[in-house]
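Enquirer: Mind having a look at this structure? Questions to follow.
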Amino acid sequence: MTAQPQVLKIRRPDDWHIHLRDGDMLKTVVPYTSELYGRAIVMPNLAPPVTTVDAAIAYRQRILDAVPTDHDFTPLMTCYLTDSLDPNEVECGFNEGVFTAAKLYPANATTNSSHGVTSIDAIMPVLERMEKLGMPLLVHGEVTHAEIDIFDREARFIETVMEPLRQRLQGLKVVFEHITTKDAAEYVRDGNELLAATITPQHLMFNRNHMLVGGVRPHLYCLPILKRNIHQQALRELVASGFTRAFLGTDSAPHARHRKEASCGCAGCFNAPTALASYATVFDEMGALEHFEAFASINGPRFYGLPLNETFIELERKESQVEESIALTDDTLIPFLAGEIVHWTVKR
């Protein structure tokens, strides 16, 4: 029997999907990411959303101002697609190195998405320009029609939006973000080299029973919502297989405690402090630690055509307790796995 590794030395990872918010929240959460990750794809769903080059430059500077001086971190900015967006603005931002990608939110699919896209036809000129540029499209893959059950919205999106879009623009590079279903896992697996996926720690670790059985656990509530266990297992099997077009994207999405623990609570898990240990645990449980570094540190840069990070970090097989809460100016943040014991710890 092969001895279990006690230390994992991996190339510094990147987070290919994160929400850093703004203001005091931004200042609180950025260091949890900048300490461990070389880069992060920053979501543009602020209020108002990031739709111009100037707005992205200003937001990038606010992020950099929140990075501790001893951290080496590069935020990668994204453009929020709207029905009225000018293709020239997107091209300008991409060519100037301001926009790394553009984000498609179906209108009202998630937090601060009311400005999102009402139909693919409305943004076709932008998407055609992105295809020519080789600029990645990042997709929140859920339909938002009221008659579609929330647990079916991802699968329906594949049929009615994603596949027709990819047939229409066959050279467009697409990241199917935070996939949550067996349907999506199989769709990405069977796709070509222009289609990739990010997967969150919560969707690998948990299913809807964990969120709903024995009481509602609001800090596991995120969008896309946790699905049944067969979908969780499909995601775990995909990453454990060493599939090279799936990579780390935490979708860390902080909300103040009073906005999570409410009669109408917000969607999102603040997992930045615990995500790396969570991913390592999943790969360990699946007997697939040999694929962990590629998922965390290699697959993403290769898909985006970016260089690998040149520094390394180490995780050790060591138990530690996740802090119960994190102070904000006038509230608290509850991290993913608050108060629980994790079995991998980043060596500092």
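Here the Cβ of each residue, glycine as well, is placed from N, Cα and C on the backbone.
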Enquirer: Which of Asn45, Asn192, Asn207, Asn299 shares the substrate site with His19, Leu20, Arg21, His140, Leu223, His255, Ala267 per Swiss-Prot?
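Expert: Site partner of His19, Leu20, Arg21, His140, Leu223, His255, Ala267 for substrate, according to Swiss-Prot: Asn45.
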Enquirer: According to Swiss-Prot, His140, His178 bind Zn(2+) 2; so which of Lys103, Lys227 is the extra one listed there?
Expert: Lys103
Enquirer: Per Swiss-Prot, what member of Asp183, Asp190, Asp251 joins His17, His19, Lys103 in binding Zn(2+) 1 at one site?
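Expert: Within the candidate list, Swiss-Prot flags Asp251.
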Enquirer: Determine, from DSSP, whether Asp251 (active site) sits in helix, strand or coil.
Expert: coil
Enquirer: Would you give the longest CA-CA distance, in whole angstrom, between residues of His19, Leu20, Arg21, Asn45, His140, Leu223, His255, Ala267, the set recorded as binding substrate?
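Expert: Across His19, Leu20, Arg21, Asn45, His140, Leu223, His255, Ala267, the two farthest Cα atoms sit 19 Å apart.
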Enquirer: If you take the centroid of the Cβ atoms of His17, His19, Lys103, Asp251, the listed Zn(2+) 1 site, which other residues of that chain have their Cβ within 8 Å of it?
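Expert: Close Cβ neighbours, site residues excluded: Ile18, Ile41, Val42, Met43, Asn45, Leu138, Glu177, His178, Gly249, Ala253.
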